[in-house]
Structure formats: C-alpha cells, structure tokens
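*Asks:* Provided herewith is a single structure, encoded as structure tokens, for subsequent inquiry.
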Amino acid sequence: MMVIFLGPPGAGKGTQGKKIAKKIDLPHIAIGDIFRTIIKTSTSEAELINNYVKQGELIPNEIVNQVIKNFLLSSEYKNGYILDGYPRNLEQAKFFESFIKEKIKIIYFDVSDELLIKRILGRYSCKNCGKIYNRYFVQPKTDNVCDVCGSSTFDYRKDDNEEVIKKRIEVYKTETYPLIDYYKNSGNFYIVNGSKNEQEIEIDIQKILKIN
C-alpha cells in the first residue's frame, strides 16, 4: 500500500503518519524530518536548505525531487509507505509519477489557518524518541517527562515564530492548492477534517484505507 498525506504545516500529517504506518507495518517517510536531518549536517547543501527554511520559503523542486527519489527507490520501501508532505506542487507530482507507477491513495488534511498557527507555535517533541507534544493541547502527563521513554530533554523548533508560520501557510496555499485540484480527479483523493482530535482523525483515515 502506498499512501500520500497532504496538508499545510501543522495539519497533523506527522502524528497520523506515525500512527497509521505502525498499525499497517509500513515505513513513515516524513519529508520535513528528512530535511531537518540534512540541516544538522555541516554541508553546503545543509546551509542552503536552512536558509530557505528560516525565511519560510519552500525548498526548490530540484532539490526536493532528487532527495525523495533517492529515498523511495530504496529496496526497503518496495512494499509501500506512508509519504508525508510530498509532493507539494504540480511539478513535484509529475516528477513523482515519472518513477512511481503504482496506484496511490491521497489523503488531504483540511485545517483552518488559526488552528494551524496555534498547533505549530505550541509544538515540541521529545529529543530521545520523537514523541510530539503541544503546550496548548497535549502536554506530558508529568511535567518535563516524556510519556513514552521518560526522557526530560525536549526539542523546540527554532524556525517556528508566528510571522514565519503565516508565510509558510500562504506559500503552501499558493503552491499546493492547484495540486489539490489536480488530485481531486484521480479517483483516489480523500479529505479528512484535520480540526478533529487525534483519535477521530485516525478513525477517519482507517476507514479510508479500510484497516481496523
């Protein structure tokens, strides 16, 4: 099974991607995580990518496409995956279709701008296991202690401030809305209400994918 999760930053793609991937025993490929890992390296490519991220700009298609192609053509992904955050525009979609021929289900997370901003501003994660929290909605049961692994070290994303977030959302709309129209006619396009809570969204996705 191959599934694409589409939606603006903060829509919940990463949270649901991890849950669903674990449930159906498939890899979860998060584009944002891939590039954040690259940024941590001491390379000219990392510096270039980091400049785009800091300014709230999308990373150029030619860079994104090559990174994704290298990942997806690896043998570990031959049985399927949950692809989170790619493609983001028509050019990327057509490049994707040039080397992936299998039938794919596309799920779009629909969320209001106001909720997106609050989700992103409040978001942080456990540095040890990656568990995602939010200072407004989902905090650890014990202060400063991860529910999953017990670590007390958390990672707060430095590029997340309101001005940059608003710009990222606007850039996303400009780039991605034409892609949504493109996929609507594919017969494999579905919309979930990303404003619901985690459990409700998970149930909706399970129904679409016909899993228990």
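Just so it is clear, glycine is given a Cβ too, placed from its N, Cα and C backbone atoms.
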*Asks:* Between 83-121, 122-160, which stretch does Swiss-Prot give the note region 'LID'?
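*Replies:* It is 122-160 that Swiss-Prot annotates as region 'LID'.
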*Asks:* Only counting partners 6 or more residues apart, tell me which same-chain residues put their Cβ under 8 Å from the Cβ of C129 (Zn(2+) binding site).
*Replies:* C146, V148, C149, S151
*Asks:* DSSP helix, strand and coil counts for the region 'NMP' (30-59)?
*Replies:* 20 helix, 1 strand, 9 coil
*Asks:* Around Q92 (AMP binding site), which residues of its chain at least 6 apart sit with Cβ under 8 Å of its Cβ?
*Replies:* N61, V64, N65, Y86, L179
*Asks:* Give the distance between the Cα atoms of R36 (AMP binding site) and G14 (ATP binding site), rounded to the nearest whole Å.
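*Replies:* Cα to Cα, R36 (AMP binding site) and G14 (ATP binding site) are separated by 14 Å.
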*Asks:* Would you pick out, from the binding-site residues R36, R168, the residue whose Cβ has the largest number of other Cβ atoms within 10 Å?
*Replies:* R168
*Asks:* Nearest to G85 (AMP binding site) by Cα distance: which of the binding-site residues G14, R123, C126, Y133 is it?
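*Replies:* Sorting the binding-site residues by distance from G85 (AMP binding site), the top entry is G14.
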